[in-house]
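Worksheet: the structure to be examined is printed underneath.
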Amino acid sequence: MQFTKLATILLVSLMGSAAIAAPATNNAAVDAAADATPAVEKRGFGCPFNENECHAHCLSIGRKFGFCAGPLRATCTCGKQ
């Protein structure tokens, strides 16, 4: 019984560390226009509760708009188009 618990904990921890250490594979074609104006992403700045604060932050750094995106809408994403 102890061996089963130990083996389970070891297996889960190894899978977790492998998931963190694995490089991301991105084989998608990149659009040249998308590369010219990358989005700026920062945590906080009002997200996820005050999207207007995120928008104001993006305007203050010279971007055209801002919105809350990402997991749980916790990242302020600024766009330029």
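Note that Cβ sites are derived from N, Cα and C of the backbone, with glycine treated the same way.
According to Swiss-Prot, the feature signal peptide maps to 1-21, an assignment based on sequence analysis.
The Cβ neighbour count for CYS68 (disulfide bond), using a 10 Å radius over every protein chain in view, is 20. Taken from Swiss-Prot, the feature disulfide bond covers CYS47-CYS68 (among others), and the record attributes it to experimental evidence.
The disulfide bond annotation in Swiss-Prot covers CYS54-CYS76 (among others).
Around the Cβ of CYS58 (disulfide bond), a 10 Å sphere holds 23 further Cβ atoms from the protein chains shown. According to Swiss-Prot, the disulfide bond annotation covers CYS58-CYS78 (among others).
In the three-state DSSP scheme, CYS54 (disulfide bond) falls into the helix class.
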